[in-house]
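Over in TrEMBL, the protein carries these features:
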type: TRANSMEM; residues: 69-90; note: transmembrane segment
type: TRANSMEM; residues: 111-133; note: transmembrane segment
type: TRANSMEM; residues: 160-181; note: transmembrane segment
type: TRANSMEM; residues: 404-425; note: transmembrane segment
type: TRANSMEM; residues: 431-450; note: transmembrane segment
type: TRANSMEM; residues: 481-502; note: transmembrane segment
type: TRANSMEM; residues: 523-541; note: transmembrane segment
type: TRANSMEM; residues: 575-596; note: transmembrane segment
type: TRANSMEM; residues: 616-638; note: transmembrane segment
type: TRANSMEM; residues: 650-674; note: transmembrane segment
């Protein structure tokens with residue numbers, strides 16, 4: 001996927017040897033595999049139909065996560081598992097009717113998984129919760145209409161047709177940019193691509209007798225928890241009332257005082273499922289970040305009202321903040337920083353975080369970790385290229401290759417089309433800036449793909465932010481914000497899809513799938529995503545109040561990306577009092593923590609928090625950190641009671657919880673479109689005596 005993974009994976013020689021042995025076993029075991037189909041036979045109509053269904057489901061889930069907290073766990077395992085289940089069920093049904101069906105092979109399973117991942121990956125890299133949404137009028141007004149750098153001319157409201165056009169012209173280039181290097185990166189360098197390797201091992205296990213039995217049990221488990229999650233989300237809806245103050249999503253489970261500072265369990269199956277999937281250290285890091293920010297830092301800054309920033313501002317009043325630029329002058333209520341916060345009037349007395357400028361919150365998540373990891377990944381890449389190439393054996397390629405001329409001509413042709421089309425969609429982004437981006441993009445895509453192969457850590461959004469700052473500063477005040485955000489999308493799409501393609505090439509290599517079938521399935525999945533991702537986003541956009549501080553779908557990163565674009569145009573001089581000093585302090589702390597994680601032994605480093613994960617709740621709130629910590633506690637106890645069951649079924653349980661809650665979004669959106677409101681408002685407040 002295109003997300004920045006929260007934790008790197010250790011790469012070791014035994015894993016490479018295990019991988020090579022697995023490939024040899026598949027080739028040699030005639031009982032396990034009868035015949036490798038031709039590449040055209042690996043792509044089937046039934047597979048594409050299943051891919052479209054699952055792609056739609058996962059796009060809906062990705063949008064929901066993107067528009068609420070921005071943490072998107074990998075759904076690759078669920079894609080492979082559900083693809084296996086749907087096709088196996090269909091072929092079994094037809095067989096009982098006496099209809100002859102084509103056998104379901106691991107290659108077809110791989111094609112389905114690849115197609116689904118390519119489709120829902122665009123829901124992230126397409127920027128529907130970040131750079132595209134940053135362009136809309138609501139985000140512009142939220143930051144402040146009369147602040148320098150935030151111009152009405154840099155507004156482009158979401159539109160279904162132009163978003164589809166934009167996704168089409170930028171999403172395919174990444175697929176062509178690194179195709180000629182497949183043999184080098186997957187076969188010669190033998191990069192591990194841990195997620196791709198794990199997915200391949202899973203798919204291979206499905207197509208053995210014992211693996212098929214386990215897969216059936218996993219699907220049954222996934223279906224059970226999907227049903228529970230869906231029914232629970234439906235049940236919660238009846239008590240959620242009108243507005244954002246009612247229901248289980250606003251349950252002060254830890255008391256009203258902590259609830260005021262966003263510490264509460266909101267009974268979200270999605271976030272509990274994320275906690276089951278993410279490593280323990282990531283979940284604990286998120287909780288630690290929530291405690292540091294919402295437990296200590298924001299209460300401390302709130303006491304400086306009148307000194308560091310004006311104390312008499314309204315929740316949406318952007319005037320009078322010492323004349324600072326809107327980078328850090330946004331002030332919103334604590335309740336608006338939560339998922340569904342309560343009104344201030346019902347809160348007990350105590351520290352009031354209501355008037356903390358958003359800039360204090362929003363700049364920490366992006367200044368801590370990205371630069372360090374970018375430098376680290378590039379350094380590792382250069383080291384591996386220089387020192388290991390001669391030591392990595394070249395294996396004989398078992399599948400047909402994609403011609404270099406085809407990839408090169410495809411990239412050049414698509415780049416020419418995109419260079420001409422992008423200025424039509426975003427006039428401030430001149431054609432020569434787009435052309436320069438496409439000249440540099442393959443090198444950056446290589447760095448990201450190579451780093452992903454070594455560490456499983458894609459830095460697509462980091463490369464996107466680099467493009468954002470450079471283009472915004474080059475264009476300047478006359479359209480720099482809009483041009484920077486569009487350039488972010490260009491760069492992010494290319495490096496993200498290129499890394500995803502190499503992951504899938506690795507999966508295909510380990511399942512003996514053709515390189516051509518992998519490439520075509522990526523093309524088809526991307527084409528599906530160019531239609532499905534905007535359509536599913538439009539479902540949210542039409543049904544919910546996207547981007548509003550009062551909405552559950554507050555799209556926090558829309559504000560952050562627009563702030564970064566303005567920062568690229570205006571510079572750092574307009575940050576509020578002490579904001580830059582605090583940011584620098586956290587940057588140095590994050591650098592030290594990352595270095596400590598890298599130089600200490602694994603038995604020590606596994607207990608050192610991950611700064612990238614710590615940064616997320618600084619802006620969003622602590623509630624989802626509580627949910628994810630509940631998930632990690634459940635998994636921890638489960639592993640202690642029965643580790644094998646936890647390894648076999650935790651992913652299925654998590655996927656079921658996430659998918660069930662995601663599916664409920666569809667009827668919830670339909671009810672909202674028809675203005676059918678929940679009948680009950682379950683509300684919590686202090687008793688009259690208090």
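Heads up, the Cβ atoms here are built off N, Cα and C, so glycines get one too.
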Contact call for the transmembrane segment (523-541) against the transmembrane segment (431-450), three or more Cβ pairs under 8 Å = no
Query = Are there residues at least 6 beyond the ends of the transmembrane segment (481-502) whose Cβ is under 8 Å from a Cβ of it, and what are they?
reply = 1-2, 117-118, 121, 124-127, 131-132, 134-135, 149-151, 153-156, 166-167, 170-175, 177-179, 182, 185-186, 191, 193, 196, 418, 422, 425-426, 428-430, 433-434, 437-438, 441, 444-446, 448-449, 452-453, 458-461, 463-473, 475, 518-519, 522, 526, 561-562, 564-566, 568-569
Task = State, in range form, which of 111-133, 160-181, 431-450 has the highest count of Cβ pairs under 8 Å to the transmembrane segment (404-425).
result = 160-181
Ask   = By a Cβ-Cβ criterion of under 8 Å, what residues six or more beyond either terminus of the transmembrane segment (160-181) are in contact with it?
value = 122, 125-126, 128, 132, 402, 404, 406-408, 410-411, 414-415, 417-418, 421-422, 425, 438, 441-442, 445-446, 449, 489-490, 493-498, 500-502, 519, 522-523, 526, 529-531, 533-535, 537-538
